[in-house]
Amino acid sequence: MLIDKFGRPVTNLRISLTKECNLNCFYCHREGQQDGERTMTPEEIERIVRIASRLGIRNVKLTGGEPTVRPDIYEIIQRIRPYVVDLSMTTNGTTLYASAEKLKEAGLDRVNISLDTLDRKKYKMITGYDVLDQVLKGIRRATNLFYPVKLNMVVMRGINDDEIWDMIRFAGEVNAILQLIEIEVPREMENSQFFKDFFYPLKPLEEKFEKIAVEIRERKMHRRRKYFLPVDGKMVEVEVVRSMHNTTFCMNCTRLRLTADGYLKTCLLRKDDLIDILGPIRRGATDDELVKIFKRAVQLRKPYWIN
């Protein structure tokens, strides 16, 4: 197992398959990626995952952009499936109604679906597209095939902060887990107008959850809290993701990232941490040389928010 200088094990790999997306959400952080021309092939992705698995990284999440815009998404899943214990994907859900069964057959274990609002006009304002009904159909299809299904709601002040309880009820209705997520920006953007306008702190909401939850659990990843809330006769699982200035969150991060253009990246918010792995692969690097690249990336890891 790989362990960084801060004693944090690295067990998860988050792979961006593409920077392309069929939506245009105004707050998107693009997985912290910069512009790049290279695209990893299914064979190259498989090799990187195989090396990662050899080093004890056996939990993989596929992201984008929107990963399902890649026509070879099913091949990618099939290729990496043998090397991982848990294979999940974050998606905007626009293609799920048509693709969920094929994704399951290819070997995908579970999905996280971005859903910031249940209001059609708001959805179009946030994403640029009027496809909410299509996404909701995809969510219902997914909950019949995958378990668990998580709904990711980025809570934004003045936009959807009035829908939190509606979203909790919807999650209960479709038997999904709801993740409430604070907007996350690097230090240099904390004084930006964007952050001032839209950041909605979730700590007060967590304090309310603590009073009404039937059960509270804590995940190893980031020490996130999960609240089991009785709502409309159902037990709804709600997870709160608060990363801004959260040193506990950072000290319990077990994740390494792989950008769509083939760089290992240690932190979403950092810009000085890219380690090229695709270039060496294309220049004929051996497996042992790729192992050294992984180890070098892990030794670069450091908590972004730290006392």
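Positions of Cβ are set from backbone N, Cα and C atoms, glycine also.
In Swiss-Prot, the GTP site is described by LYS61, THR90, LYS150, ARG255, LEU256, ARG257, and among ARG8, ARG14 the residue recorded at this site is ARG14. For LYS150 (GTP binding site), the count of additional Cβ atoms within 10 Å of its Cβ stands at 20 [all protein chains shown]. Among ARG14, LYS61, THR90, LYS150, ARG255, LEU256, ARG257, the residues given in the record as binding GTP, the maximal Cα to Cα distance rounds to 21 Å.
The binding-site residues close to CYS267 ([4Fe-4S] cluster 2 binding site), defined as a CA atom within 10 A of its CA, are ARG255, ARG257 out of CYS25, TYR27, LYS61, SER114, ARG255, ARG257. Rounded to a whole number, the distance between the Cα atoms of CYS21 ([4Fe-4S] cluster 1 binding site) and ARG255 (GTP binding site) is 23 Å.
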